[in-house]
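Inspection log for the structure reproduced underneath, given as structure tokens.
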Amino acid sequence: TAGAPSSAWACLPDLLPLYYRRLFPFSQYYRWLSYGGVSKNYFQNREFSFTLKDDIYVRYQSFTTQNELEKEMQKMVPYKIDIGAVYSHRPSQHNAVKSGTFQALEKELVFDIDMTDYDDVRRCCSAADICSKCWTLMTIAIRILDRALREDFGFHHLLWVYSGRRGVHCWVCDDAARKLSVAARSAVAEYLSLIKGGEETVRKVVLSDPIHPFINHSLSVVERYFCQYAIVEQDILGSKESVDKVLALLPEDILSFPVVLSQYQYFTSRYQYQSNFTILSEIMLQYCYPRLDVNVSKGVNHLLKSPFSIHPKTGRISVPIDLKELNTFDPFEVPTISLICEELERPRADEAEDDDVKDKENEQEAGERRRIRDYKRTSLAKYVKVFDRFLEAMARSRKGEMLQKSDLQKDF
Amino acid sequence: MQFPGRRKKLIGSSQNDLYDHCLQFYGQPPLENISLTEFETFAVERLKLLKTVENLGVSCVKNSEQYTKKLDAEISKFFFNKEDGISEYEKRRKDHISHFILRLAYCQTEDLRRWFIQQEMDLFRYRFNDLHSKHKTDFLHKNNLKYETVSAEEKKSLQDKLIASSYGLSGTKVEEHDVYKVPFQDALDLVRTRKVYLLAGNAYIPHHEIVTIVLNDFRTRLSKALAMTARSLPAVQSDERLQPLLSHLSHAYVGQDYSIQKNIGKISLEQIDALSGKSFPLCMRHLHKALRENHHLRHGGRMQYGLFLKGIGLSLEQALQFWRSEFVKGKVDADKFDKAYAYSVRHMFGKEGKRTDYTPYSCMKVILSNPPSQGDYHGCPFRHSDPELLKQKLQNYKVSPSGTNQILELVKGMHYQLACQKYFELTHNVEDAGFSLNHPNQYFTESQKLLSGGRDIKKEVDMSQRSQENPASVTRPSQANSKQAHEEMGDLDSFFQDE
């Protein structure tokens, strides 16, 4: 099961200041949220919320420069950091604004996939626990949603982030995505939802003929993983109780077929029969298809955990996930704050001389350079690289758009 | 819109230009003068029509035969004029003017606006779908709706996918008719229900589905217009001929929203368990039970149940005590409750944040918005529960097998509120609930009334008689005296008792 030892919590007061002083990738973070400076005051009008020691929660934090962001974070040492919307005015001054005019204008389109939402279909863990057996569900979720958001909706700039404990988040950062209305966000989330029903609903997936291309695409992803995940790892046919759960999803007339249900062969042989295809698809989807919380995606002003923040209960950093390495991503390998702080302390021989020379230059630049060298010495490095690539892609795309625009305006 | 005196001015020859299609987007307000009589009649009759649209929307499947028949009848009634027939021009004029009058009555609050937009959209959708294909295209052209058509090659290459995504599409149809490429943001209804093919951010809409796009446009325009109307409303309201009618119109729809708390503190916390079995509708009984069993409810459940409790008269202090004592039995310690959950309880009572005093959810809201997912207990059990599980639950609550079957039949027909009403009748042992259920707090109030012997049978008979009066006979001469006007306005209520 997941989770660093509970001593992580106790160490946070010591580790967090170090993390924010020397490891948090502020310059990339600022670069991200400025979005190329195309919109005036985009960073300045962004809401952040902090959870401080002793569970003190403060909203409407905003900063005018990267420097101010750093100073404040180093001063307040937040345990949790959430990112909210870009507002019409600086959030820190919202009380001074005439009532009714302070409004959330834009925000990334976000998705939150939480493992607890799958409790009714996973046998290995429940609640906040995760393990390598159920992590496959996140892999499936990412593959399905990433494809749909890119191919169906035409989005290009998606940042997938490990939440630090039991799920993943997706930040869709395209211009068009940030400008979406509440209704549009809700429509996208509902388009992507196939699991319907709460405690009282047994059969949560109902497919009708013909099957929409989106569902077909999703099914082909699920099929790739289903055998290994559900039959082998989750062993859904391995006990009477879990077999009964599967049977509960079948229509009555199928139960009259004499079958030996403890065999994987049941699924493959039944699968040949076209008429049962829909039912089996429904079962596979119910066990594996991503479960989204529509409410998270709907709200323009919804606050979501920030990438590179720490998860206080596990000590793990919310790191970006490299989709090229998705199959080998292991949440238990994600660095914890104690690990990277420890790695920081390890001396490196070749560095000693460089420090002296460079310190004579501008203090701030030296600090920043040191910080950049710092995270590179730790396990955080590879994740910051993923983030860098993501930022590069957005920068290139912005450049392309500006060229297009200036061509149209004959601006040279 | 201006309301000078009662002089009549003729628009004259621009009649035909003004209304060049039987449908319209209501873009331009009417510029003529009309009499107060006509003003009232038009408004009241359109409101009756919209109320029918609303009722049919919850009690029938849209576009079913029953729905079509009933709505057709109501629309004909609306356009019917007792004098020798009514010209096309007059029909369109009535449509136009009555819509704008109701805008005045329904622009003031978020709830009113939402209701008005919903019904006008449903009405528009029905009338647009009823149009002949040629007239549909006509309408689109006249209203400058721009959409890109998909090339023949692209259509061919996407043919299978288009057929698999859109209802009622066949190979021939794809070939012969236009398919439109529209940014997905302009086709949200189709995207939300996954009834359209999406590629690279565009929705591929077949010709016969174009109404959905049109509706989105309609909604956006109407929404903006209502916001603008609200700003110029004070000027209109100061006209004392209109003020009583306008305020009565908007009040007539709303009826009781249970936002004003009566009987605060008359319910004690110890009574709640017993009340949940006797007087709570099934949804709240279900939520209460889940809360007692799990010592927790998620946000959706807390809102739905919490606001209901506020509506039945729980004070803020009682509510805090209630939720706290339950959550503390679970995984939440008192400290955490005070930090995390107490805020949201106070929020519900309008003591935090925006300080909006939230109103308890009506049945429509519970049925139509925020469906429950895994781990949720909110929603309407008649709408959101598996029929088998619903059956079991009813049996557990000692509903007779025949009663349970009646309820399940109603659920099958999607008459969720009627099913709940039937549940009321069965659990209270009465033949007829005596009211038309549209709010969980109404259920509670009626139940308490019944159990304390407070129902007035005679009053019910009067009400049902009055609602059968011919609505057209209520065109009155203009009033000189506003008190008299107010009394006569009382008759309006009878239109809106549910038949």
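Using N, Cα and C of the backbone, Cβ positions are placed for all residues, glycine too.
Look at TrEMBL and you will find B:274-444 tagged as domain 'DNA primase large subunit C-terminal'.
Over all protein chains present, the Cβ of B:Cys363 ([4Fe-4S] cluster binding site) has 22 other Cβ atoms lying within 10 Å. Under the three-state DSSP scheme, B:Cys363 ([4Fe-4S] cluster binding site) falls in the helix class. What TrEMBL lists as [4Fe-4S] cluster binding site is B:Cys283, B:Cys363, B:Cys380, B:Cys420.
Taken from TrEMBL, the feature region 'Disordered' covers B:456-499.
Per TrEMBL, compositional bias 'Polar residues' is recorded for B:464-483.
A mean pLDDT of 89 is what the model gives for the domain 'DNA primase large subunit C-terminal' (B:274-444). The DSSP secondary structure for B:Cys283 ([4Fe-4S] cluster binding site) is helix.
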